[in-house]
């Protein structure tokens, strides 16, 4: 059904913005990362017909934030201009800077997205370490689905695994896939995002889509195992069904509002991201409660929680390394929801570890396994 939503959303929000200018100017790349002792380059690219001379003046956000090895005023003469001008910059300050050129005369080009984001790091080795840490937490989170899948296959049973956890989880993952896909590939939605964040870059990269799709696959395959292996009478509880139905109603309602121009498509995608965040907050409770009722963690593979814990710790470590290396602590405080949910997940990982290794170490099931987590 979500595939149908993708098709509908692509039809209604497809297409891009029509440029009403004879010439376009752009800075390529739009984001530059550089460290002290190094120079970085970027290009000023012109494309189209210039009816009169255009002067482009570069302004640094702070005095002496960096040096430029060229005249800061770039001129484009009358006529066809389809060329690129390369400039070198050398940073002298650590931090995050935005360079916004000033074009004269005004109004001859679309300069709403004409800017350069420069991130200056203190030490290059820390950038390499941050990259390695990033791959480490991605690997941990991606591999976390397979220990449970292997355990189910080996036991030919899913007794001890909360169905509520799985079904609530997959709703969040699918919502997150749709959010990433359309914000990354749909130019109309991307333009809406840029209108609200004129100096922002698209927050979605290709790796985000791959990671989200893999999460849907891992959770979906585990649900498939619940259909073919012994369940012990377990099923999705009524509270979980009510939560899922509520999510679907919200999705259909907001999608309808977007189709009838009551709200923006970008806001609809934000609703999907909020659903993903909320599922992360509630999905752990059913499994923790099932372990408590059964007085056992048998059937629930603790290795996936260990990998999740390692991934969460690596993720926070990368945020701290980047904040210190780029002197940009706002990158942590600027997204408190994401940071808070990371901490929330780590706390639940610790709860599961406490249940597995201390509370129910002997794995003696006092409540029959066929009893569901919550009343049906």
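Backbone N, Cα and C define each Cβ position, glycine as well.
What TrEMBL says about a protein is an automatic prediction, not a curated fact.
Copied over from TrEMBL, here are the features:
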type: SIGNAL; residues: 1-20; note: signal peptide
type: TRANSMEM; residues: 126-146; note: transmembrane segment
type: TRANSMEM; residues: 166-189; note: transmembrane segment
type: TRANSMEM; residues: 209-230; note: transmembrane segment
type: TRANSMEM; residues: 242-262; note: transmembrane segment
type: TRANSMEM; residues: 268-285; note: transmembrane segment
type: TRANSMEM; residues: 306-324; note: transmembrane segment
type: TRANSMEM; residues: 339-360; note: transmembrane segment
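Residues 33, 35, 207, 211, 214-215, 218-219, 221-222, 303-304, 307-308, 310-315, 317-318, 321-322, 324-325 of the same chain sit 6 or more residues outside the transmembrane segment (126-146) yet have a Cβ under 8 Å from a Cβ within it.
In this chain, the transmembrane segment (268-285) lies apart from the transmembrane segment (306-324): fewer than three C-beta pairs between them fall below 8 angstroms, excluding pairs fewer than 6 positions apart. By the Cβ criterion (distance under 8 Å, sequence gap of 6 or more), the transmembrane segment (242-262) is not counted as touching the transmembrane segment (339-360), fewer than 3 such pairs being found.
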